[in-house]
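Asker: According to Swiss-Prot:
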DISULFID  Cys90-Cys147  disulfide bond
DOMAIN    63-155  domain 'BRICHOS'
CARBOHYD  Asn33  N-linked glycosylation site
SIGNAL    1-30  signal peptide
Amino acid sequence: MPLHSLERDNMRRLIAPSILVTVFLVPALALTNTSDSYPLDGSVGTQTIHVDALRGVVSIRDNSVQSEWDGVMDYKNDLLAAKLFSKMACVLAKMDPAAFPSLDDITQALGKQASGHYPPTRGLTYTVLPSRIKNLAQYGVPIKDLCRAVPTYFARQQKEGTALTMDPDSCSELQLLSFMGLSICGEIPGL
């Protein structure tokens, strides 16, 4: 067999798998990770959101002058963690799946930011509990990494319509895209 035909056969063997990888893997990767950064309304700063659909995690970096914070929304475990830079503490809470936007909602909203089509805003209030979390590893790597080196506390979602019996100045106001506002209220013990 001439050398030319061997090269052609080898080339065919390489092309077929390359086409399969391109057809199946590339679209899957596109669906797995989505990121975007955009200016915040009414504030100086930006919010960067990264969606990892495969792991079920949304990471948020908000460098607003009014309320700088980082966050993780772990959809597989229904957990929300927020690192509040003004309080130098982390807060961990159970996410109510009915109240939070889905991963698909967030991914679609990231694509619509430039056009200004936003879903309605919802607000939730959480109260910080005095118990400090000792073992962050049990809540997964994204939350452990986010809250490393700062005290971390549990927070409980307030039922809608219940009045807060605490100082409103103790609340940190967070915004997630235009989906929802979160208020995390209460004194952080030891600070």
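Cβ coordinates are placed from backbone N, Cα and C, and glycine is handled just like the others.
Any idea what these are sitting next to in the structure?
Answerer: Counting every protein chain shown, the Cβ of Cys90 (disulfide bond) has 26 other Cβ atoms within 10 Å. Under DSSP, Cys90 (disulfide bond) is assigned to a strand (E or B) in the three-state scheme.
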Asker: Return the residues near Cys147 (disulfide bond) by Cβ distance under 8 Å, restricted to its own chain and a separation of at least 6 in sequence.
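Answerer: Looking at Cβ-Cβ distances below 8 Å from Cys147 (disulfide bond), excluding near sequence neighbours, one finds Ala81, Lys83, Cys90, Leu92, Ile133, Leu136.
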Asker: Using DSSP, what's the helix, strand and coil tally for the domain 'BRICHOS' (63-155)?
Answerer: 24 helix, 33 strand, 36 coil
